[in-house]
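Taken straight from Swiss-Prot:
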type     : residues                               : note
ACT_SITE : 167                                    : active site, proton acceptor
BINDING  : 59, 60, 61, 62, 63, 64, 65, 66, 67, 82 : ATP binding site
DOMAIN   : 53-305                                 : domain 'Protein kinase'
MOD_RES  : 195                                    : phosphoserine
MOD_RES  : 201                                    : phosphoserine
MOD_RES  : 205                                    : phosphothreonine
C-alpha cells in the first residue's frame, strides 16, 4: 500500500481501514532509556486525568488529529494533548504502540494515553514551546551540530530498538527554549521484527524520501541497499539538516524534479563556504547507495559533531 504524508506532491486515495473500538494491549515491553532518570514512568502511567487538564490553545491540526496546549490544574505543568481523530486507523494504532515502547530524552515523551467510553483517544505528550524545526532557517554550524547530535541520539536509540521512523523532516522535530530537540510523530514508523524485514515501502513525506524508498527497483539499488532498513532515516535526516542550514528546501519542490534529482542526479551537498567537517558530515548522510551511508552511531562520532564541543 502506498501512503504519502504530504499531499502537495501526491494525492492518493487509500482504501478505508475499519477502526477498532478499543486500543489493543501493547505487544511489546517498555524499552528502558539510556541517560534517563529512573524516576521516568512508562507511557500508560495512569497518573493523569483528562478532567484535570485545562485547554489553553490549539497548537496544530493534521491528518492524525488536533494537538492542544494544556495545563495540569494540580501541578501547573504544561503539556501537549493530541486528540486522535474519531475514525482512527492503523496509523494511529502504530503511533500509540511505539509511544508506549519508547523512553528516551531525545524522543517526545508520552506521559499518558486516555480513551473515553465513546472510543475517543487522546495522547498526553511533552510540550515543546518553540514548535518544530519547520520555521527554523539559517543556523550556524555550531547550532546545527547541537541539533544534529540530539536527533542522532534519538535515531540511534530507535534504531537500536528496531524502530524505523520513515518520516524524518523539519515538521517532525520539535524544539524547546532549553535548546532541546526531540523526535515526534510515529504515524508511519515501523517496528522491525526480523533483522532483514524490509521497511523501504513508499511511505512518509515524498520530498524527504531516500533513493531506495522512491524507487527500490532502480538500476544500482542492490539487495543490500533494500535490506538496509535504517538508511532511509539517515538520508531524511541529512536533507532536513541541510534545509535548516541553507534556509530553504535544497531541491525543486516538484514531484518529477525531486525524483530525477534524488534517483538520477548527484546528491545534495553543503555549500562551498561551509567547513570541511560539515561537508563531510553531509556527504556521509546523503550518499546515494544506502549501504554506504553512515549509521546514526557512526555519525555521532563524526568530526563535525566532536569538534563543536
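Any Cβ shown, glycine's included, is placed from N, Cα and C.
Counting other Cβ atoms within 10 Å of each Cβ, the recorded positions 61, 205 show the lowest value at 61. Around residue 59 (ATP binding site), taking its Cβ as the centre, 16 other Cβ atoms fall within 10 Å, counting all chains. Cβ neighbour count for residue 65 (ATP binding site) (all protein chains, 10 Å cutoff from its Cβ): 22.
When the Cα atoms are compared, residue 65 (ATP binding site) and residue 167 (active site, proton acceptor) turn out to be 17 Å apart.
If you check the recorded positions 59, 61, 67, 167 against residue 205 (phosphothreonine), the ones with a Cα inside 10 Å of its Cα are 167. Of all Cβ atoms in the shown protein chains, 19 besides its own fall within 10 Å of the Cβ of residue 67 (ATP binding site).
The Cβ of residue 167 (active site, proton acceptor) has 25 neighbouring Cβ atoms from other residues within 10 Å, across all protein chains displayed.
DSSP assigns residue 61 (ATP binding site) to a strand in the three-state reduction. Here the CA atom of residue 61 (ATP binding site) lies 17 Å from the CA atom of residue 167 (active site, proton acceptor).
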